[in-house]
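So that you can see what the record holds, here are the features copied from TrEMBL:
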type	residues	note
ACT_SITE	79	active site, proton donor/acceptor
ACT_SITE	198	active site, proton donor/acceptor
BINDING	16, 17, 48, 49, 80, 81, 199, 200	substrate binding site
Ligand code: DGL
């Protein structure tokens, strides 16, 4: 694999199982507009949240390799499920053989780092896919930094399908949005901070706010991930030099192009050019 990869600088890769990573990409582009980006959505195989560890790892590694082949030296897994289930294995076991100088970063750590300064009650809730909740990544990472915080998790298996099927603003969505929030808060009524631990969920934010008591702070990840990437690039000039800066953004999907354009336009305020690719 190593010998096929170009050493010339390239765009920053942003990967998600579907459209959710666009919420992260938007914030990253707001914070770092001068860089070039390639977004890859594995829409044909979404959702990842209900899939096994092995499959999420296999699909994520395929996506990372594809982004490396496209010239990326740095890839952001803009997906909590992939960050929870595949990031560590890719960093530890795969990158040394692919190219030890390339980097893959996730979205969980930057989110967790901010949480200690936000919660007053030291009781937080995490809303995420079944895969992310089952991995226990959030409580494990939070307790490394803030052992005093009590973490309750709630899997929301219906939320990603609502987004991927363009149902997020429709009435039918209300039932499932309210249901998971109520279940989470009944587990721990002292929760004062709720992490949206899935990159699809900010698209549901207006309805999530409607069903969340006003004193609870809702934390979406985009800004924290963008700040953390900015900080990473300033601390790693050698990686920064490998990231081109012409302000461009290309989009790739594993699904039909028309489908991606139609759905993505609801949360991207621009005309996009998207190409279909295969990861298998
Ligand atoms: N957007 C992804 C996440 O942050 C996963 C959604 C899915 O494919 O289930 O977890």
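Heads up, the Cβ atoms here are built off N, Cα and C, so glycines get one too.
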- Which state, by DSSP, holds residue 80 (substrate binding site): helix, strand or coil? helix
- Query: Hey, does DSSP put residue 16 (substrate binding site) in a helix, a strand, or just coil?
  - Reply: strand
- Would you count the other C-beta atoms found within 10 angstroms of the C-beta of residue 81 (substrate binding site) for me? 34
- Out of 16, 17, 198, which has the highest number of nearby Cβ atoms, where nearby means within 10 Å of its Cβ, if these are the recorded positions? 17
- Row residue 49 (substrate binding site), column other C-beta within 10 angstroms, all chains, value 28
- Task: Other than 16, 17, 48, 49, 80, 81, 199, 200, which residues of the same chain sit close to substrate? List them in sequence order, counting a residue when its Cβ is within 8 Å of the Cβ centroid of the site.
- Result: 18, 20, 21, 46, 47, 79, 82, 129, 132, 160, 198
- Note on the structure: Among 16, 17, 48, 49, 80, 81, 199, 200, the record's substrate-binding residues, the widest C-alpha separation in angstrom comes to 12
- Message: Please give me the CB contact count at 10 A for residue 79 (active site, proton donor/acceptor), counting all chains in the structure.
- Response: 34
- Between the Cα atoms of residue 198 (active site, proton donor/acceptor) and residue 17 (substrate binding site), find the distance and write it as a whole number of Å. 11
